[in-house]
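Input: a single structure, listed below in structure tokens.
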Amino acid sequence: MKFYFESFMDSNGRKNYVRPNKNCNLTSWIDGCEPGWACSAGTDQVINLQDADNFPSRTLNCRGCCAGFFCPHGLTCMIPCPLGAYCPESTLNKTTGICDPYNYQPPPGKPNHTCGGADRWADVVSTDDVFCPAGFYCPSTEGINFPNHCKPNSANQDITIFGALLVGALSLVLLIIYNFSGQLLTNREKKQAKSREAAARHAKETVMARERWKSAKDVAKKHAVGLQSSMSRTFSRKKTLRTHEPSKGAVETDVEPSKESDEKKSNLTDMMRSLEENPEKGDGFNVEIGEKKKTKGRHAHTQSQIFKYAYGQIEKEKAMEQQNKNLTFSGVISMATEEDIRTRPRIEIAFKDLTLTLKGSKKKLLKSVTGKLMPGRVAAVMGPSGAGKTTFLSAIAGKATGCETTGMILINGKMEPIRAYKKIIGFVPQDDIVHGNLTVQENLWFNARCRLSADMSKADKVLVVERVIEALGLQAVRDSLVGTVEQRGISGGQRKRVNVGLEMVMEPSVLILDEPTSGLDSASSLLLLRALRREALEGVNISMVVHQPSYTLYKMFDDLILLAKGGMTVYHGPVKKVEEYFAGLGIVVPDRVNPPDYYIDILEGIVKPNTNVAVNTKDLPLRWMLHNGYEVPRDMLQSGSEAESSFRGGGDRTPDGDSGQSIAGEVWGNVRDIVGQKKDEYDYNKSSENLSNRCTPGILMQYKYYLGRCGKQRLREARIQGVDFLILGLAGICLGTLAKVSDETFGALGYTYTVIAVSLLCKIGALRSFSLEKIHYWRERASGMSSLAYFMSKDTIDHFNTIIKPMVYLSMFYFFNNPRSSIWENYVVLVALVYCVTGIGYTFAIFFQPGSAQLWSALLPVVLTLIATQQKDTFFANLCYTKWALEGFVIANAQRYSGVWLITRCGSLIKSGYDINDRFLCIVVLAANGVLFRCVAFFCMVIFQKH
């Protein structure tokens, strides 16, 4: 090139003149000396490219100049065209005999010498030779791309203006999402509310019309009886007259009215008899209400028909319950529906010498508990803190984990595992585990659909939900969001009732509640207990932990289970006999003192028994066992004999076994407790034995229900999604502006920033899918719902972000960074990257606590990018997903560099350790990583639970 430019300077500005040289002179003129042609120097010749005076011999393998290079007249070497120049191969114009788009002709008399490539670029002095035309861009010096309003001599298209337009459009879309995200669900809820209100109004009007018809029927019946007696007196009087005046005409006159009155009497009698036999089937009733004959409500399909059926049944049940107060609730329903009602399985739970011991530390949580929980009764479990009340109920429900259980638990008198009945056992936890971004009705309806029988009609499921809402007094807030920490929702008492309603809607046979009245006022507690009493009338076995109930609530319980510290029974029997039993021990409740409070204070040691009999608090469990004739364990007899001396001595004795126990042994015992708990939790959740005779919906149906719920949650979180999109767009603008494409590295710097930024932002977004709902999942899984359906629904909904987030980022980054690769090529790699990092985010969200998961999400992409760029072609680098993402981006961009860039491209890719043919492999590896990490996340979700 130095020789070429010096020739121009020496020629005083004449174009296309090159000084004679070793290869092209008056005595040696080969084909390579012709314009557009060049030759090779041979493989055995050493060439110094820096020497412009001593030319090497270039006379071998002469052929046309390659695209992207130019071969001057009189010079046998190829010179690269600069970016922005237009240097394609030439074609022969048979009309003019000139090689287009250049102006040279093939040498005459040489038929094998065809048109080659470019013969000139510029002569430095004048610039009227071929350049990239204005309005076009020439990315590879060998072809013109479509016009894009580029400046003359531009190497790349200038599309920044499109990025600016997209910024405005994206801002408008995000503004609409932020302000109108909840409008879609709000409109749907309003439509459902109108249909529901209309159905409720119709049901009340029907009941009122029925009452009016019954009143009218009673009045008609009274008038008919009066008319009958009046006609009887009249006929008897005329019969007397006929005996005194036996004239023919009189007889005929009297007989005709008698026939007419007999017909009237018989018609009235028949009508009254029909009304008495079937009061709901009178013609007058249908005329008054104006109803036509309809299909049965439980077979209805439309929303209005379903609501009419549900509210009609509820109003009938209310009326029947008012008229038949002595009937059970099942009898009320059977009278109202006039059909065979579905009966719940009745479960009686009996336990004998029930003892729970931690597997590692051998600490006893329950000790020789014996008793029975009967269906149709409400039992209250009370006791001081540390008495094992929740542990007792967990053991009854089969949820006691990490413990060794001894004794017997009988189900309806049989040795059967309680886990086999978990589909009809409701367990209400102490914490209010309710989805805050769903309404009250949506929470209840989802549980009803997933946990009720699959063959149950939709109308009957709606009826169950409406009964629960009516019983718990949640009508006013049914369409209100439950609320979260950030968003205000319903009150705490209403939230507690929704927590209980989640188990009531699945129509359990056993209902266990852990402190359901804690935090409720007296009115809310009374309403809740009335609803539970109503469930007990259905034959449900109900037991609950209660703290300090009022005297009114205390008297509403059927049975009382009083536990002392250490998990020992002090009393287990009817509430009506508890005071009589303790009075027999000399413990009398003072006046104006609530009995359960007094007993708990005694067990806590706050109040000493007011008795003349020497009764120690520690002897109360032993007294109860002796009172019922239970077998007393030897250690309890020993502790009972030593209780008084221990109490007087201050209780500072230390067991010999504990003194010799080392710290290492204690730690090892705690580890064994944790491992045993995890194993028991896994065994409980994976148990497939089902003795409840209830077939709940399968995985596909549950997946459908979960999908609908997740979709609603995402719509209500649209503002958060909008903020995520805004941050991604801003990151694309900043990184696209700061990290411009470098032709030497093919934009590797900008793509490195892209991999880190997209990984970080998408992982943080993926954390919200699972980290905030772990406790909800644990509750749903323990009730028998499908873990696979839950996980797949979350992942399916997140595919929306997998598709949209790359669009948002590229809409900013691509038009400000302006790479040579197409936007589609970048989009495919970016989708694979987002899919991969979303799976990693799932794993972090499930395995770590929220704070640790965020820290790992921020550090991991930076560390892996450093390993991938610094430790090239190593085993650890190949394990990093960032290496494959960066390689995919760089290869997609490098494939657009051809012609003069071939040598530079090869050198840069070899230096980075990339292969130009591995673009598809990069996408496959990223997708495989996404699938792998999703499998790991699902495994962690199933195996690891809270401690």
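Residue numbering: from 1, along the chain as shown.
Placement of Cβ uses the backbone N, Cα and C atoms for every residue, glycine included.
According to TrEMBL, the features are:
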type	residues	note
TRANSMEM	159-181	transmembrane segment
REGION	227-267	region 'Disordered'
COMPBIAS	256-267	compositional bias 'Basic and acidic residues'
DOMAIN	349-591	domain 'ABC transporter'
REGION	641-664	region 'Disordered'
TRANSMEM	722-739	transmembrane segment
TRANSMEM	751-771	transmembrane segment
TRANSMEM	827-847	transmembrane segment
TRANSMEM	920-944	transmembrane segment
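Within its own chain, the transmembrane segment (751-771) has Cβ neighbours under 8 Å at 717, 720, 724, 727-728, 731, 735, 738-739, 777, 794, 798, 801, 805-806, 809, 813, 830, 833-834, 837-838, 840-842, 844-846, 850, 853-854, 857-858, 860-862, 865, 869, 882, 885-886, 889-890, 893, 937, 941, counting only residues six or more beyond its boundaries. Long-range Cβ contacts of the transmembrane segment (920-944) within its own chain (Cβ-Cβ under 8 Å, at least 6 residues beyond either end) map to 678, 682, 685, 770, 777, 787-788, 791, 795, 828-829, 832-833, 835-836, 838-840, 842-843, 845-847, 881, 884-885, 887-888, 891. Cβ atoms under 8 Å from those of the transmembrane segment (827-847) belong to residues 754-755, 758-759, 762-771, 774, 795, 798, 801-803, 805-807, 809-810, 853, 856-857, 860-861, 881, 885, 888-889, 892, 922-923, 926-927, 929-934, 936-937, 940-941, 944 of the same chain, restricted to positions at least 6 beyond its ends. Across the residues of the domain 'ABC transporter' (349-591), the predicted structure has a mean pLDDT of 88.
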